[in-house]
Amino acid sequence: MRSLAPGIRLITSFSRDSWYRGFTLFLTFLFYTSYHLSRKPISIVKSQLHRNCSTLIRPPNLNGTDNETWCDWAPFDKDNYQTLFGAVDNSFLVAYAIGMFFSGIFGERVPLRYYLTIGMLLSGLFTCLFGLGFYLNIHSIWYYAFVQVRAMNGLVQTTGWPAVVACVGNWFGKGKRGFIMGVWNSHTSVGNILGSLIAGVFVSSAWGMSFIVPGIIIASTGVLCFFFLVESETMLIAVYGQEDNEKEPLLQNSSSNEIFSSPGQSNSISSEPAEEHTKAISFCGALRIPGVMEFSLCLLFAKLVSYTFLYWLPLYIANVAHFDPKEAGDMSTLFDVGGIVGGIVAGLVSDQTGGRASTCCVMLILAAPMLFLYNHIGQYSLATTIGMLLVCGALVNGPYALITTAVSADLGTHESLRGNSRALSTVTAIIDGTGSIGAALGPLLAGLISPTGWNNVFFMLVTADILACLLLSRLVYKEVRGWCGHSPRHRG
């Protein structure tokens with residue numbers, strides 16, 4: 001008896017609903033990878049913009065008399081170069097933090113496909129503009145920090161996170177959300193790794209290409225988004241659901257994708273589009289959702305730590321361990337490799353225990369002493385550097401990943417919303433926007449504190465980790481009471 005090839009049987013075992021879910025997951029992963037890929041080059045290029053020129057051989061035909069700064073790129077050739085780096089970072093991060101609060105509101109009211117496409121195209125443009133400063137011989141801090149490049153790029157990059165989380169939240173239920181989004185959230189670390197590697201290829205020869213190549217990549221993914229993104233299954237039902245009653249329903253749920261369904265959700269989808277509220281939630285309404293404020297403030301301090309590493313780790317490794325710019329950039333990717341593992345573990349544990357806040361709190365408690373140890377023993381040998389970077393990356397980025405993905409999606413579909421499906425983008429933007437305030441403060445404080453010694457920078461990071469943990473104490477207490485059999489009290 002003839003039978004289908006095993007590969008074909010495997011392909012046909014999945015419903016078309018499962019294929020669309022998987023395709024959306026892949027596309028959004030690719031999109032946000034490109035967002036982070038375009039952010040990373042600045043941290044790699046810093047060590048090239050200001051170098052120790054005394055260790056290099058000066059070309060005989062070079063004009064100028066300053067032997068200490070001849071290899072630096074003005075205006076980063078002065079003694080206040082760390083402050084200037086902080087200003088460049090913060091022009092991006094402050095604009096990102098401010099823009100994020102408005103981005104979620106727009107994301108609920110504008111088609112996500114258009115919103116993401118425009119955001120990626122503009123982000124590619126401004127990333128390339130930074131790199132063009134090398135070829136146009138621009139030495140103005142105002143160009144790099146405020147007028148055209150970093151601040152504008154910070155604003156347009158806010159289109160990414162609320163939109164991709166809303167897309168994934170529209171397609172996936174709560175059943176395995178922590179694990180699925182933990183794996184999916186590795187795009188952040190993958191983007192950082194790729195951004196570091198791409199920037200490292202060009203940093204020593206022509207650092208402008210370290211920005212131009214990532215800019216072209218994110219603009220290309222914007223074109224891909226325009227042609228292929230389907231932002232929700234209800235959209236497909238509305239378009240195809242009633243075309244031909246004799247055809248297989250496009251979005252029928254089968255056992256193969258049962259894990260993606262929310263608890264209690266029926267395994268059949270009517271051909272009629274599900275009725276949903278058309279009025280998007282207000283900003284204040286999203287703030288009143290239980291848990292939004294606590295997780296937002298926790299993320300402020302968690303992201304402060306993560307983004308300080310994102311922007312300053314290559315320079316720290318270059319200064320303390322005496323690696324060259326490319327080696328320091330490559331070594332810094334281990335922090336992001338650890339972050340991938342940490343995000344997956346955090347999602348898996350929180351799914352199994354039902355304790356999102358408790359999972360974050362435990363990882364934050366463990367992260368504080370690990371950061372202290374990394375600063376004191378992390379540079380003793382190559383093995384300790386690798387090990388500590390992996391461990392610190394997992395513990396620092398695990399809670400950050402869980403809050404910005406599964407927690408945001410849970411709160412954006414909270415039972416208190418009574419079926420209002422148009423809260424995901426706004427809730428995600430509030431949480432990530434508050435976290436972005438910390439992301440702006442961390443590199444700024446690192447730039448101000450680092451001249452007094454790296455020990456003080458790490459003291460700041462440990463303090464921030466402890467504060468992030470304390471802000472979750474009420475939610476952790478509530479989860480522990482639930483595990484002990486105490487039913488939650490409902491307020492009127």
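Even glycines carry a Cβ here, placed using N, Cα and C.
What TrEMBL says about a protein is an automatic prediction, not a curated fact.
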Quick one: sort out which of 137-154, 155-172 is the transmembrane segment according to TrEMBL. 155-172
Taking pairs 6 or more apart in sequence, does the count of Cβ pairs under 8 Å between the transmembrane segment (114-135) and the transmembrane segment (380-402) hit 3 or more? no
Note the mean pLDDT of the domain 'Major facilitator superfamily (MFS) profile' (27-481), expressed as a whole number. 81
